[in-house]
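Shown next, in structure tokens, is the structure this report addresses.
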């Protein structure tokens, strides 16, 4: 079932007439693959993958053994060295892309969908490191989590925190940021703080790692197994460290996140009675005010909760110049996707510089009530670290997210390229020549064949797919591209394309490559069959198998593509 003519042809190229590979002939193949091609390595591969005992004893490899080798992890397009933590994890948090989820408690849409602990468990298992929680006053003094001014169901905050404590470090040892949107009364804010401390204990970060005010953010390494609270804070960090000082109070704006503002507007538009189950919600979510708002903060924010916020103090965004002169590394601004796009268009280089020293969080537009996603790529292109996506919604955007974070052991942190970690960088994604480094790279992909492609969901009995392969490049605007093969009629079992696609990459460090298989349909949209996405930096050259994933990112063995890179 697995034997393909294309593999026999490749095997024949190296084995010669006798149709068996000696260790020396396998060395030639390994050299062409860009692998370790020592004789000892060739012998080790024969010993591991050859199925025929006699051949193994004579250090020979037959076609079946060669096939097993190419189908194994060693023959995968994804560099297996990069599937463990292979990057430097000792740089400031602002130097990493961080896997981030939006309204993590929702597992459906944003208006009537169900809130569930399951949302947090799924996100954490997927390597997500920044989770979101919206808190509102609940009955019997118990704060509840749900999407305000909507009909989404509710879960107790206590349950969310317990789940976080249990699952936070199962997939990754690196820190989790809990983004708190707080709509509670003073009394219930005290409860929030108490529950965080009681349930999380040592896991909750309640002071700086060295007791000093930081000049830069700490690293993922220094914050291992810690949960950081992101939220509003009264005054400055030094006040938390040495108790209220005599210094002039910090003008801390009452910023509950621009998202709360957007919800408030939506609620006003919808009129009263748009609260959960038809109740009228208080619409004062603590919007952004200018001027000295410390007093207002003190009235609306419980000190105990404020003291839990150390490295991620919410502040409103008032421009890059303002941030440079008045803001700090331990502060963070949240921007809607539309606001971020405008800044990318108008001040791309400033945005990259800003993100070299301070965290920025991007969230989906309030119009996306169906929980659809925006493309995270344009946000990563300017170095935004916390690009929050609706993890419950499958599609290209989540494929890109999974593709970027499939490296470094799925730990949820990926180090940004050097030209995005320098506060004086000249890089602007709209001008690829602003990146220091060698010129464009040519990526050549020969799409050879497919193996055991799945049928399309809900297709008619006996229907056979007409598969085509599309390769899509996501990166800086100059690199965005896609090309596809012709379709093969009625063959999902072993389609053969033998087509070569070629791409120019100006900023390969930011490029993601997505391989998509579709079932061609001349009268309607093609149906999705499978896909695999990975960062260009993690691609291995040579003859490779691509093991396809389903729409929701789970594997569908034995479906694969065979390509030459």
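The backbone N, Cα and C atoms fix where each Cβ goes, glycine too.
Here residue 102 (active site) comes close to 132, 363, 364, 388, 389, 390, 391: these same-chain residues lie at least six apart in sequence, with C-beta atoms under 8 angstroms from its C-beta. Per TrEMBL, the feature active site maps to 102 (among others).
What TrEMBL lists as active site is 147 (among others).
Look at TrEMBL and you will find 238-292 tagged as region 'Disordered'.
Annotation source TrEMBL lists compositional bias 'Acidic residues' at 240-261.
Per TrEMBL, the feature compositional bias 'Polar residues' maps to 279-292.
Across the domain 'C2' (421-550), DSSP classifies residues as 12 helix, 60 strand, 58 coil. Marked as domain 'C2' by TrEMBL: 421-550.
Residues or ranges marked as Ca(2+) 4 binding site in TrEMBL: 464, 466, 490.
The Ca(2+) 5 binding site annotation in TrEMBL covers 519, 520, 521. Around the Cβ of residue 521 (Ca(2+) 5 binding site), the number of neighbouring Cβ atoms within 10 Å comes to 13.
Inclusion criterion for the recorded positions 147, 464, 466: a C-alpha placed within 10 angstroms of the C-alpha of residue 521 (Ca(2+) 5 binding site); this criterion is met by 466. The distance from the Cα of residue 464 (Ca(2+) 4 binding site) to the Cα of residue 519 (Ca(2+) 5 binding site) comes to 9 Å. Residues within less than 8 Å, Cβ to Cβ, of residue 490 (Ca(2+) 4 binding site) and separated from it by at least 6 positions along the same chain comprise 464, 465, 466.
With respect to their backbone Cα atoms, residue 147 (active site) and residue 520 (Ca(2+) 5 binding site) stand 40 Å from each other. Within 8 A of the CB centroid of the Ca(2+) 4 site residues 464, 466, 490, the other residues of that chain are 463, 465, 467, 488, 489, 491, 492. Cβ neighbour count for residue 464 (Ca(2+) 4 binding site) (all protein chains, 10 Å cutoff from its Cβ): 13. Contacts of residue 520 (Ca(2+) 5 binding site) defined by a Cβ separation under 8 A and a same-chain sequence distance of 6+ are given as 466, 467, 468, 487, 526, in order along the sequence.
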